Amino acid sequence: MYKEPFQPTYEYALECDKHDELKDFQTEFYKKEGTIYLDGNSLGLLSKRAEKSLLTLLDSWKEYGIDGWTEGEHPWFFLSEKLGKLTAPLIGALPEETIVTGSTTTNIHQVIATFYEPKGIRTKILADELTFPSDIYALQSQIRLKGLDPEEHLVRVKSRDGRTLSEEDIIHAMEDDIALILLPSVLYRSGQILDMKRLTTEAHKRGIHIGFDLCHSIGSIPHHFKDWDVDFAVWCNYKYLNAGPGSVAGLYVNSKHFNRLPGLSGWFSSRKDKQFDMEHTLTAADHAGAYQIGTPHVLSTAPLIGSLEIFKDAGIERLREKSLHITRYMLNLIGHELKDFEFTIGNPLEDEKRGGHIYLEHAEAARICKALKANGVIPDFRAPNGVRLAPVALYNTYEEVWKSVQILKKIMKNEEYKQFENKREVVA
C-alpha cells in the first residue's frame, strides 16, 4: 500500500518509496546516474531482460542462420504470434486476437483498409481534432484511395477546451453518414482517458465499427476488449512497454471479424501450413496473424520478449495502482510548490480519466523543457505550450518526482529558462 495522506516533504517521498510494492523492478532498468527520466510516455527505458532477449535472438542468427526460422528458444517464424499471445492480457483480448507486427501507422492503414467500406450515405470516418497527426495522415490517405475527398469525408470532433474531448460530443457526431470510427484511448497531450466501453456500445447501437489507438494507454492502464467488444486497435510498443526505438508495433482484431480478408494482404497474412505452398491464392490465417503483411522484423521485435516478461511479473493492475498514486502525488506537489509560476494543469484530475503522464501548460514551455534537461530532468515538449512528465510505475521513484518538482521550482524562481530559446528542437 502507498502512504496517505499527501505531504510535500522529502521524507514523505522516501516513505512512499519504502512502501512501493513494485520497487524491486527499478533495478531491472538501465537508469543513468544523475538523471531523472520522466519521458517514458515517449520512449521507455531499456531493461536488462529486453537487452538479454535481443542478444538471444542475435545469437540465434549467429548459431542457426536460416534455420533460426524454426530452431532455437524463440523460432522467428512463430515469434509474432507468440508475442501477440503474451500481449493479449494487457488489453483483455483473446490470444488469437492480438499480433505483434508493423508500425502504428502501417497497422492503421491495415485496419482502415479492412474495415472502411463506404456505401450509400455511410462514407465518412469519424476521428477527433486532438489525435496524433499520423493517425489523421493515414485516414486522409485511405479516404483518398477510395476516390473520396478527406475534406468532406473525414469528420473531426472538436474539443471544447483545446485539451480534452467530450464523450457526449463524440456520440453526437456518430451520425448516419459515419462508416467507421478511430479514436485515441488516451490523448497524447492531456492524458485524458476516453471511455472506450461506452463509445463502443454507442457506435455499435448505430451499426458503426470502432477502433482505438492505444499508443498512450497500453502498458499503463488495464483494458477489457473482450468485454467491451471493440472492433480493432493498434499501438506502439516503445512507450510504456519499453521495447525500444522503432520496435515492432501491435494490432488487435476482434475474433468476430476473422472472416474478413485483410485489406492489405501479404506474405505473412497466410496460414502457416500453407505459406510455403507458394500458391497465388491467399489462404489467410484464421486469427489476427492474417493482418500481418511482410516478414517479421525479428531484431526489432526481440526486446519485447523480455519486456513482456516484466509486465507478466508486475501485473497491469498493480502498475495502474502505482501510476495513479504517483501521478496524483506529482499533481499535489506541483500544486503546492509551483502555484506562483503560472503553470496550468492540462490533464484531468479524476483518477478514472487520467492516463500515465502529467501535462503542464506554460507560455515558456519549450525553454522550460530545455532548462529541465540542463538540470538532469528529462521531460518532453508538445507544441504549442505543453510540458509532459511521466513518472513510470516500473522504474520511477517518489524521490525522483519530489526532486524533479524542486528542480522545476528552482528553474522558475531563478528564471533559468530565460537562457534558452522558446522554440522546440527538431525532435521535441
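Every residue, even glycine, has its Cβ placed from backbone N, Cα and C.
As given in Swiss-Prot:
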{"type": "BINDING", "residues": "T104, T105, F132, P133, S134, D135, D213, H216, Y238, W267, T295", "note": "pyridoxal 5'-phosphate binding site"}
{"type": "MOD_RES", "residues": "K239", "note": "N6-(pyridoxal phosphate)lysine"}
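Around the Cβ of T295 (pyridoxal 5'-phosphate binding site), 13 further Cβ atoms fall within 10 Å across all displayed protein chains. Those residues noted as binding pyridoxal 5'-phosphate (T104, T105, F132, P133, S134, D135, D213, H216, Y238, W267, T295) have their most widely separated CA atoms at a distance of 30 Å. With a 10 A radius on its CB, Y238 (pyridoxal 5'-phosphate binding site) counts 24 other CB atoms from all the protein chains. If you draw a 10 Å sphere around the CB of T104 (pyridoxal 5'-phosphate binding site), it holds 22 other CB atoms from the protein chains shown. F132 (pyridoxal 5'-phosphate binding site) has a Cβ environment of 16 other Cβ atoms inside 10 Å. Neighbours of the residue listed as 'N6-(pyridoxal phosphate)lysine', defined as other CB atoms within 10 A of its CB across all chains, total 27. DSSP assigns D213 (pyridoxal 5'-phosphate binding site) to a strand in the three-state reduction. With a cut-off of 8 Å between CB atoms and residues at least 6 apart in sequence, the same chain places T104, I108, T131, F132, D135, L182, L183, P184, S185, A233, V234, W235 near D213 (pyridoxal 5'-phosphate binding site), listed in sequence order. Rounded to a whole number, the distance between the Cα atoms of the residue listed as 'N6-(pyridoxal phosphate)lysine' and S134 (pyridoxal 5'-phosphate binding site) is 16 Å.
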